[in-house]
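Features of the protein shown, as given by TrEMBL:
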ACT_SITE  398  active site, 4-aspartylphosphate intermediate
BINDING   398, 399, 400, 486, 544, 566, 597, 677, 678, 679, 765, 771, 794, 795  ATP binding site
BINDING   398, 400, 791, 795  Mg(2+) binding site
DOMAIN    37-79  domain 'P-type ATPase N-terminal'
TRANSMEM  61-79  transmembrane segment
TRANSMEM  298-319  transmembrane segment
TRANSMEM  339-360  transmembrane segment
TRANSMEM  849-869  transmembrane segment
TRANSMEM  881-901  transmembrane segment
TRANSMEM  931-951  transmembrane segment
TRANSMEM  963-983  transmembrane segment
TRANSMEM  995-1015  transmembrane segment
TRANSMEM  1035-1063  transmembrane segment
C-alpha cells in the first residue's frame, strides 16, 4: 500500500485492498483519474486526420510521382496550366482522405455505443452499487453483473449465485457452449446473506460483501495482460499474508472476459482486473491484413516499368530538341515532356483498382452458394486478395473440424485383449452392439476371472467419466464442454450405464465428480441392475496442451488418491510402466485404419506422502506468474509416470457434407491439396481415402518414422527415384521426418520437387509451428500461390503464413476466423469461392490492369508523334482539359462496371467444369507477353488515331483552327477506340452492363466537349475549341470527321478482332471451349 499519499481529505489507507497489475499497484478505483476502460478503434483524431491520411497516401510511389508532376506543372516552362493537373490530383487525395474519415467516423460511432453501455459499479462515497457507463470502470473496481448482462472489463470472480457462474464466450472465441466460472477458494466465505433477494435488489445486497472483502484486506496480483485467451493468471490473498499456503491462485476459469455474457446465473460479484486496451477482447481484436497480393506487386512493377519508359522517352525527346536547337534548355524540355506524357501512369489507377476489388469482395459476401444452414454467408474480411483466389497452386488444410464435422461420436474401445463396438446406432434401428457387449460383461460376471475383467472394463469407463472438463446439466443429463472429444467419451460411457451424474463444489470449495455406475458382484447382487454413486474429489487437474498431448486428473475416491491420464499414444508411451504390447499396437492400428481418433487411458494410485511432496511443488509452480505454463508442465510430468494402461478409446469424426466432391473438383482444377493434422498416420491416410484426397490405385510415397537426418534423406532419395515420370501419386510425411528434411538444404530442395510432382499429400503428427514452417517452405521456393484453411487456434500460424488464409467457422472458437482473410462455414464452399469468385476475380483484375494502362498509353502516343512533327517544341497535342478529363471523367468508371459484371459462364457450369481454373494457375490472363501485346496495341491504335485525322485535314500550325479540329477529332477517335476495345474483350458485350457504361463514356465525352466549345466558362478554360463554328460543332456537322471516326475506329481494332478469332477458333482455351458448347 502506498503510505502517506492522499487526495484531498481522503487517504489511501482508508481503502483496505490492493490490486497490482504487472507488479505496479493500481490506486483504488474511486481515486483513479481518467477513463482507462474507454475503447477506441479509430485511426485518427480531429487534428491528426488529414496529416496522417496524407502520410499514409504518400507511402505509394505513384502519389509521390503525381506530387512531383503537380509541383513542376506550376513552373514557368510548363506546357500545361497548373489547374488542369493540380485540381485532379487534389481531388484524388481528398477522395481517399474523406473515405478514411468516413470509415473512422463509423468506428467512432461504434466506440461511442460500446463505451456508453451500463454496468453496476460500487461507489465508495455512497457505499452502494450504482449504474455507470462502461468507460468509467477502472482496475480494482467492484462490479456486479446480473443474468444476461455483459461484462464491462476482464473481471476476477469473487462470488456468484449458487457458488458458480455460467458464461457465454461466443462473442470472444465463437464457442457456443457455456463456460463454468468459479471464484478462487480464498473467497469461499463470501456469500450473499439474502439469497432469495429479487434481481433488482441484488446490487444493494452485495454491498455488504464488498465491505467484507475490504475488511479482510484483499491483495490481488495480476500477471501481464496477454492476447492468449487461455492465459489469465492472478495471485490472491487476504490480510497481506504472503506464504505459499495462504496464497490462492486464480486461473482462466476464475475470470470473466469483457464482452462475454452471464447466463443461467442470477448474479456475479467481481473485481475489475484488466480494462480497456488490456482486455482479451481488445488484444484479440481483428487486425487489418498486412498481406499484399501478387497482382498488387505486379501492378507496382508495371508502374515502375512505365515510369522508366517515361523517363527514357522524355530523355530522348529532350535530347532531340537539343539537337534541333543549341539554345534549348535540356532540363526544362525534359520536365516539359514529363508533364505532357505523365498520364501514361494514370492518376486514378489505385482508386479504380480498390473500387473494383471492393465490388468483387461484396460479391463474395452476398453469394447464396456459400450460405450455411444457419443463414450465415461467406465474409471477405479483406478485399485486397480476391484475385489471389483464382491462382491457387497449393491448399493446406487442417483435418479435424475442417474436412470433418467435429461432431464426435464414441465408436469403439479396447480393454485388455477385447475390442468393444461399434457404439454408434444403426440408422435403420436395432440394438447397438457395443452397448450390448459392455452391459453383458458388467451385468453378470460369475467366474473370478470374469469379475476381474469386468472391474477393468468398469474402471475404464469410470476413468473417461472423471478425466475431462465436461459440464453436466443434472436436470436433463445433457453434457457440454470445450472439447467435442471429451463430450463424446462421457456420452459413450453414459450409454453403457456409467453416467457422469453431477459436478459440484463442496463447502470446502473442493470439486466433486459423481459417477453413477453399475455394481459388480455375485450372489444376491448379480444381475439385479444395482447401481452405485462413486464420488471423486478432484484434487488437481493437469490440463491438456498441444505440446503435452495429454491431460491428467488427480482425484480421491474412498480415501485412495488416483492419477487418471488420457492422451495420444505417443504421449503416454513414455510414461507407462511397460511399453504398449503388440496387442495394443494392433488395436491402435485397427482403429486408425477405420479413420477413428484414438486416446490411450492410463491410471495409478498415488501414495499420500508422495502426493503431499508433489503437491507442494505443484502449488509453487501454480503460484508463478512468470513461465507458469512451463513450470506446470515440468511439475505435471513428475506425477505422470509409472502409469498402468487401462484401455484405448476410439472416437469417430465424420466428414463434412460435400467434402469428397469438393476435393475431387479442386484436384481436377489442378490444385495440389495437402492435409496437415496431428493425428496418427493410419488415421489420416484412411480419412484421405474416404474424402478423395487419395484414390484407389494411387501410388503412395511414405516419408515417415525417420530416426535422424540421414534416414530422412535416404527415404527422400528413394522417393525421388520412384516418382520420376509419374505425377499421379500421393505423399505421406510425418512431423519428425519433415523436421529432419528441413534441417538440410539439399533435402528440402528435393522435398519441394517431390511436392510439385505429387497431386496430394497427408502430413501427420504435425504441430502448429510445423504447419506454418511447411507453408513458408513452399512459399519461398517458387511462385506458387498458397491457401491455408482451418478452424482452430492451432491453424492460425499457417493461415497467417499463406498467401490467402481461410477461416472456417466451427466449434473450436473464432481464432481462425479472426486471423483469416476470408471466412466461410464449410470446406465445400471452397469450390464456389475458388472456381467461381476466384477465377473470375483473377480474370477481371488482370483485364482491368491491362486495359487501364492500355488506354493511357494509347492517348500518350498522340503527344509522342506530335513531338516529331513540330520539331520537338514541347507543345501538347490534345486540348488540355480533354486530356485531363480522360481518366477523371470519361474512362475510369466504365471499365469497373463492365468488368465487375462480366460473367463469362454461369456458376453451375463453372463449378462443374473445374479445368477452366487452370488458366489462373498458369497465369494466362496476366503475364509479360500479354502485357506487351496490350502495349503494342496501344501504340498502334493511339498512333493511328492521331495520324489519320491530321493527314486528312490537319495542320502543323499550332495556332491554326485546323490543327485543333484534327486534334479534337483524334481525341474523339481515342475515346471511341478504347470504348470499343473494352466491349470487344467483354464476354457479355451485348448486355446492358456492357452497353450502358460504354455509351455513357462516349456521351460524357461529347457533353464535356460541347461545354468547352460553347459555354463561356468552357471557352475561357479551353479557348482552342472556340471558333466560328466551335470545334465540337464542326466535328459533328461535317461528313469527313464523322466518317473518319465511324470507319477508322473499328478499323483500328481489326487486328484485335482477328487475334481473338484466331485464338478462340483455332487455339481455344478451356473457357472458350465450354462457352461454345454451353452458351
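Heads up, the Cβ atoms here are built off N, Cα and C, so glycines get one too.
Recorded features from TrEMBL, shown on the structure.
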| residue | record | Cβ contacts under 8 Å, 6 or more apart |
| --- | --- | --- |
| 398 | active site, 4-aspartylphosphate intermediate | 675, 676, 677, 771, 789, 790, 791, 792, 794, 795, 808 |
| 400 | ATP binding site | 406, 597, 653, 677, 679, 792 |
| 544 | ATP binding site | 483, 550, 551, 567 |
| 765 | ATP binding site | 570, 678, 679, 680, 681, 734, 735, 736 |
* **Of 61-79, 298-319, 339-360, 1035-1063, whichever stretch has the most CB pairs under 8 A to the transmembrane segment (849-869)** => 339-360
* Asked: What is the pLDDT of the domain 'P-type ATPase N-terminal' (37-79) when averaged and given as a whole number?
  -> 83
* **Diameter of the ATP binding set by C-alpha atoms, the set being 398, 399, 400, 486, 544, 566, 597, 677, 678, 679, 765, 771, 794, 795, in angstrom** => 25
* Asked: Can you count the other CB atoms that lie within 10 A of the CB of residue 791 (Mg(2+) binding site)?
  -> 30
* Asked: Is the transmembrane segment (339-360) in contact with the transmembrane segment (995-1015), using three or more Cβ pairs under 8 angstroms as the rule and ignoring pairs under 6 apart in sequence?
  -> no
* Can you say which of 61-79, 339-360, 963-983, 1035-1063 has the most Cβ pairs under 8 Å with the transmembrane segment (881-901)? -> 339-360
* So, does the transmembrane segment (1035-1063) come close enough to the transmembrane segment (931-951) to give 3+ Cβ pairs below 8 Å, pairs being at least 6 apart in sequence? -> yes
* Structure fact -> Simplified to three states, DSSP reports residue 400 (ATP binding site) as coil
* Taking 3+ C-beta pairs under 8 angstroms (sequence gap of 6 or more) as contact, is the transmembrane segment (963-983) in contact with the transmembrane segment (298-319)? -> no
* Conformational class of residue 794 (ATP binding site) under the three-state DSSP mapping -> helix
* Structure fact -> Across all protein chains shown, the binding-site residues 597, 678, 794, 795 give the max Cβ-within-10 Å count at 795
